[in-house]
Amino acid sequence: MFKHTRKLQYNAKPDRSDPIMARRLQESLGGQWGETTGMMSYLSQGWASTGAEKYKDLLLDTGTEEMAHVEMISTMIGYLLEDAPFGPEDLKRDPSLATTMAGMDPEHSLVHGLNASLNNPNGAAWNAGYVTSSGNLVADMRFNVVRESEARLQVSRLYSMTEDEGVRDMLKFLLARETQHQLQFMKAQEELEEKYGIIVPGDMKEIEHSEFSHVLMNFSDGDGSKAFEGQVAKDGEKFTYQENPEAMGGIPHIKPGDPRLHNHQG
């Protein structure tokens, strides 16, 4: 069950409207690593979790907080679009608005009535393919660290793209929360790795072709990666290096398709 409160988690009001910054913020809302991806990933992982209650609760806590971040960014975008120009009358009144109108996301006015959308800045819709919920919490926690890292990186870049103190205030809060989320997911990952092992999944090592499991194969014309040779991996084994990987699989010969498929291949 979710219960909404009308108060935002943190301030989300700019000093002035800025439709171009509104477009940029769409990446943190509807982009691959944005808050919608975090919200849906963590909630899905939490709902799928049947193990230790602390991990389930951690995921649901954080997924629900991401809802608040979606709300904050959507609100900020709405404020940034207040009084934004969108028609020829605006341009006639003030020709200097041409640059602003050229930099705006046309979908903000055309599709969403000068409101936020679940798209990235170029209008590509957010999609569920960005979400990870594998049922394996070691893998999922690793994804979560990456998601928070990418999100924080993008927020850092957005911070440098504006001098609006209201926008920056919200971004400072998001930076801090993404610090917390990185750290908590790293801690959960470490605990789960101690229990299940470093490699995901940890119960297949007995059947894999282990002679290939710690070989760094040189598939480029550089040799810089040879520096890893002899170093100890996190599982305690040493890396070896293969200068010239060999083709061991032979030449495939697949029979032609059924004539009804019309695969005319010469």
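Positions of Cβ are set from backbone N, Cα and C atoms, glycine also.
Some features that Swiss-Prot has for this protein:
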- Glu35, Glu66, His69: Mn(2+) 1 binding site (BINDING)
- Asp57, Asp61, Asn218, Ser220, Gly222: Ca(2+) binding site (BINDING)
- Glu66, Glu148, His181: Mn(2+) 2 binding site (BINDING)
- 255-266: compositional bias 'Basic and acidic residues' (COMPBIAS)
- 243-266: region 'Disordered' (REGION)
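The structure, with features from Swiss-Prot marked on it.
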residue	record	DSSP class
Glu35	Mn(2+) 1 binding site	helix
Asp57	Ca(2+) binding site	helix
Glu66	Mn(2+) 1 binding site	helix
Glu148	Mn(2+) 2 binding site	helix
His181	Mn(2+) 2 binding site	helix
Asn218	Ca(2+) binding site	coil
Number of other Cβ atoms within 10 Å of the Cβ of Asp61 (Ca(2+) binding site) across all protein chains: 13
DSSP-assigned states of the region 'Disordered' (243-266) in counts, ordered helix, strand, coil: 3 helix, 0 strand, 21 coil
Residue with minimal Cβ packing [other Cβ atoms within 10 Å] among the binding-site residues Glu35, Asp57, Glu66, Glu148: Asp57
Fewest other C-beta atoms within 10 angstroms, as judged across Asn218, Ser220, which are the binding-site residues: Ser220
Residue among binding-site residues His69, His181 with least C-beta crowding, 10 angstrom cut-off: His181
Length of the line joining the Cα atoms of Gly222 (Ca(2+) binding site) and Glu35 (Mn(2+) 1 binding site), in Å: 38
